[in-house]
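Structure record follows, encoded as structure tokens.
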Amino acid sequence: MTIFVGCNRELQISDYSPAHRLVAYGARNAIALWRPGEMHRGVLSTAKAHTAHVVAVKWVPESPYLVSAAEDHSVKVWRFSSETTSLDVVHDLPAHNASVTALAVTKEFLVTGGADGKIKVWTFADGPSVRLVAEQNVTPGFFPLSLALVTVEPGKHVLFAGGSKPQFHVFSLAANGPLQHCATLPGHEDWIKAIAIKKQGPDEFLVASGSQDRYIRLWKLCLNDAISKADTSNQLGLLMNKQHFFDIDDTTKCAINFEAIIMGHDDWISSLVWHPSKTVLLSSSADTSIMIWEPDESSGVWVSSMRLGEMSIKGASTATGASGGFWSALWLFENDTEIILANGKTGSFRCWARKDGSDDQYEQQPCLTGPMKEVTDVCWSPSGEYLLTTSLDQTTRLYAKWLQKGTWHEFARPQIHGYDMICVKPISNSRFVSGGDEKIMRSFDEPKAVADMLQRLCGVASDDVDAMPASASLPVLGLSNKAETETENQEPTSDDETADNGAQTANLSTKLLGQLETPPLEDILQRHTLWPEIEKLYGHGFEITTLDVSPDGKLIASACRSNVPSHAVIRLFRIDSWLQITPPLAGHDLTITRLRFSPDGGYLVSVSRDRKFTLWRRSGEFGYELVEKREKAHSRIIWDVCWLPFKGEAAYFATGSRDKSVKLWRVAPAGEVEMVGSVKLAAPVTALDCYNQTIDGSALVAVGLEKGQISTYTVDMQGNFELVQQLDEKNVPDDKVTRLNWCPKPENADELLLAAGSGDCSVRIYTVATRRSTPSI
């Protein structure tokens, strides 16, 4: 059904293919494909081959090939299949001895730059195969960060390189010839990170370079008869307008000189894109703005005709520690629509669109969102109408199904924290508790503004909406979301409006969310969909690792990191008073990795790094007593545990371990535990979950592995495991499956929903048919 995965924070991380109408972007170690013409459908597929972060992605013009570069020192050439909407590696280049840092692609050539200081030129002359034709070290201490190659005449090329020094380097490349360094252009005052080339005439090219000095410089490249005969070096020496002459071969002479400087951004320039048919330049910056530049008709001075994004905060820049801004930008023209895309620090894309050729204002559109670091937990609401996820990107996100299109989207970001988020569990449909990489847990209530939006756009009903706070905000330098009332966070009004309409104004978040007819934009997700924090739970001595909520909604069980038995305990908290029940439940020696209450709340089971599980039985209204501590239940660390929904006097649970096995355990009414069956997997088991109802008398268990594979098994009371299906390798994550969770109340009993979180930064929602078939995503 849906894949949510954020975009890497790199400068050349995305590219668009007009031939296939696809955007490709780097998503951790994978390549994600998305079709801008179908914005509501999200990511189509992900392609896996790299073993480290992808840093650059480029389509080969007018071909089915895509080139990607990564920190694993390699460059890979992929072939796109329109039939399967997928990518397959056709060539793997061990390009550099360090991370690849820059990439440029034309129909004939592939140019790479690496942290080893080298620039390499490869040719596509033999189809998908690639051959190295030139190699160059520029200067000591120079690392290429941006490259651009232009064919000036058949078989003759000019390469521009910017990097970790302020100088702008120019190279020439003739047919079968070496890469020749031709000129070093001064002017910039900091690293050069963006280059774009525009052909203005048969022998004239306009080259734009963007730097960390916040300026864009334009350079004019002329060939042969277009070269000015004037001695500009003497006339305009003070303007640094000296012409630099060089020859590609005996018949092609070139000259390049400084043309103009563009000022307007308040932070580093991250990307530059020329309009395909006009002399108009688009730039993006770390100041979270996109600007469109064009020369004034009368004076020729380059001026900004459009600014998109956000206004930068005074004093906030990359140099002072700000990490916002836009990292890359694309300028697309599809189906008479002009689209501007930019990815930011949250892993999400911003999208602006307008009719091509019109003078209308750009309208921001909902676009791709997703975690940008490892997903640590996924959990459905009790009603199964929305999904909560946590990630090491310090966010808790809420995904729901948009009724209008029938597609899944991020509708809220309830928690934006200062710590990495580790676990989450709903207490009810309008309340959840989460644990981050800190010693305390935090509980949140749904605000009225979000509840109304989810009801209107997703059909998610909430109880007692009138008693909810209006919205929430995060104070500056704070970690706790503060509840806001209807009269807070007001829009400014004039004195006349105040006199006419009174002092009451609608809460800004309520107003914005109430006007939405589509899923929220990234700006709204960040600022107006927070949930107010209602309570903090203290008691643990180290960072939280796992938590669970009892089925009756009365208890929270939690555990933290530990290397000693005194901290490897389960702490229980009453939800009605938020007080801890003492003493804590002791039974482990090392970190508890997972806690699960049984479906009726009668048992609590825990698994740990110490390779054993403990089983606790309800004693009184809030207490639990130890009934079993099984030493060496597995031979390696036990990562996950789940209960099976069998009816009867006995209870059943399954454990999954790094020893590559899943074991089924039977709990007798008296509390005795025995193993009744097991199954061996191909890789370490990292995630388990069981659907909450039996199907034809058997339980349906989903198993996630360390290498990303996901399988489903039927299990009966005798411990017989039968493989139902193994998800297609192209549809599963690229890293360990960190959590699996079945939707408790799917819309269609024949099509179950399985949510998966992974170390590859993705959240995936699979549709799994209860009758044997291939699942879709």
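Quick reminder: no glycine exception, Cβ is built from N, Cα and C everywhere.
TrEMBL annotations: computationally assigned, not manually curated.
Source: prediction; values computed, not measured.
The compositional bias 'Acidic residues' annotation in TrEMBL covers 486-499.
Taken from TrEMBL, the feature region 'Disordered' covers 476-502.
Remote same-chain partners of the repeat 'WD' (47-88), defined as residues 6 or more beyond its termini with a Cβ less than 8 Å from a stretch Cβ, comprise 8, 10, 12-17, 19-20, 22, 24-33, 94-107, 110, 112, 114, 124, 128, 130, 708, 730, 734. As annotated by TrEMBL, repeat 'WD' applies to 47-88 (among others).
Mean pLDDT, taken over the repeat 'WD' (93-132), works out to 88 on the 0 to 100 scale. Per TrEMBL, the feature repeat 'WD' maps to 93-132 (among others).
When Cβ-Cβ distances below 8 Å are used as the criterion, the repeat 'WD' (185-221) is approached by residues 11, 145-148, 150, 152, 158, 160-170, 240, 244, 254-263, 265-274, 279, 281, 283, 285, 293, 302, 318 of the same chain, each at least six residues removed from its ends. As annotated by TrEMBL, repeat 'WD' applies to 185-221 (among others).
Annotation comment: TrEMBL describes 262-294 (among others) as repeat 'WD'.
Annotated repeat 'WD' per TrEMBL: 368-399 (among others), in sequence order. For the repeat 'WD' (368-399), same-chain residues at least 6 beyond its ends with a Cβ under 8 Å from one of its own Cβ atoms are 2-9, 27, 34, 42-43, 346-349, 408-426, 428-429, 432, 434, 436, 454, 458-461, 522, 525, 529, 735, 738-746, 753, 755-763, 765.
The repeat 'WD' annotation in TrEMBL covers 585-616 (among others). When the repeat 'WD' (585-616) is classified with DSSP, helix, strand and coil residues number 0 helix, 18 strand, 14 coil.
Distant neighbours of the repeat 'WD' (631-675): 593-594, 596-599, 602-603, 605-609, 611-613, 615, 617, 681-694, 699, 701, 703, 706, 713, 715, 717, 719, 721; these residues of the same chain sit at least 6 beyond its ends, with a Cβ under 8 Å from one of its Cβ atoms. Positions annotated as repeat 'WD' by TrEMBL: 631-675 (among others).
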* Structure fact -> Tertiary contacts of the repeat 'WD' (262-294), defined by C-beta under 8 angstroms and 6+ residue spacing from its ends, are 11-12, 193-198, 200, 206, 208-212, 214-218, 302-312, 317-318, 322, 324-331, 333, 340, 342, 344, 352
* For the repeat 'WD' (93-132), could you work out the same-chain residues 6 or more beyond its ends whose Cβ comes under 8 Å from its Cβ atoms? => 12, 52, 55-63, 65, 67, 69-77, 79, 138, 140-151, 157, 159, 161, 163, 171, 173, 179
* Structure fact -> Taking DSSP H, G, I as helix and E, B as strand, the repeat 'WD' (368-399) contains 0 helix, 17 strand, 15 coil
